[in-house]
Amino acid sequence: MIFDLIKERRSIFPPQYTDKPIAKETLEKILEAANWAPTHKKTEPWRFKVLTGEKKQELGVFLSNKYEEVDPNPKQTKIKKLHYNPTKSGAVIAICMQREPAESLPEWEEIAAVAMAVQNMWLCCTELGIGSYWSSPGLIKYMDEFFDLNEGEKCLGFFYMGYFEGDVIPSARTPIADKVTWLD
Ligand SMILES: Cc1cc2nc3c(=O)[nH]c(=O)nc-3n(C[C@H](O)[C@H](O)[C@H](O)COP(=O)(O)O)c2cc1C
C-alpha cells in the first residue's frame, strides 16, 4: 500500500551497498516513474544523467579533486568519502533542472517538480529493494565542469543507488500535528 511504502522509504547510504549491479531495465523503470511527476504548465523540468561503470569513478575523482581545490582546509575523510560514494554505488543519477527559456514559472516551482520526480524514484527504489538517497554537496555548483549542461540547466544533487545489505536505520519524524493548523 502506498502509505506503508511512503513510511518505509529511507535514505540508505553507499557503505551499505553491495556489488550487485542494477539492470538497465530497472533504471529505466525508475526513471519512467520520475517522468510522471506533476508539473505546472507541463514544463517537465527534470533532467537526469545516469552514471554507471567507469563514469561513476570519474565523478568520484572529480568531486574529491574539486573539494581539495576549493576548500581552504580540506579534510582527508571528506576527500575519501567524495570518491567512495559514487564508486560504491550501483548507479548515480545526477538530478538536474532545466529552466524553461521563457521563464514563465518561478524557479521554485520547477525545483519543486524535480523534487517530486525524485520522490517517485525514491519510492520505486524502496519497492524494488534498492537503497538510495539524495546528496546535495556544495560542490554541485561546479557540475558544469563535469557535465555538458545546457543553458539554464542546473545540477541539484546526486541520487546514489545500490542494492544493499544490513539493517535499515530507522528514521523518525516529529508529529504532523505540530505542523498542521486546522481551520474551520
Ligand atoms: C533535497 C534533499 C537533499 C538532501 N541532501 C543530503 C545530503 O547532502 N547528505 C545527506 O546525508 N542526506 C541528504 N538528504 C537526505 C536526508 O538527510 C534524509 O532524507 C533525512 O535525514 C531523513 O531520512 P530518511 O530519508 O531516511 O527519511 C537530502 C534530502 C533531500 C530531500
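Each residue, glycine too, has its Cβ placed from N, Cα and C.
Some features that TrEMBL has for this protein:
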- 6-163: domain 'Nitroreductase' (DOMAIN)
- Arg9, Arg10, Ser11, His40, Trp134, Ser135, Ser136: FMN binding site (BINDING)
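Within its own chain, Arg10 (FMN binding site) has Thr126, Gly131, Val168, Ile169, Ser171 as residues 6 or more apart in sequence whose C-beta sits under 8 angstroms from its own.
Minimal Cβ crowding within 10 Å, among the binding-site residues Ser11, Ser135, Ser136, is found at Ser136. Its Cβ taken as reference, Arg9 (FMN binding site) is surrounded by 18 other Cβ atoms within 10 Å in the chains shown. Among Arg9, Arg10, Ser11, His40, Trp134, Ser135, Ser136, the residues given in the record as binding FMN, the maximal Cα to Cα distance rounds to 27 Å.
Mean model confidence of the domain 'Nitroreductase' (6-163) amounts to 98 (pLDDT, 0 to 100 scale). Secondary structure from DSSP puts Arg10 (FMN binding site) in coil. Under DSSP, Ser135 (FMN binding site) is assigned to a strand (E or B) in the three-state scheme.
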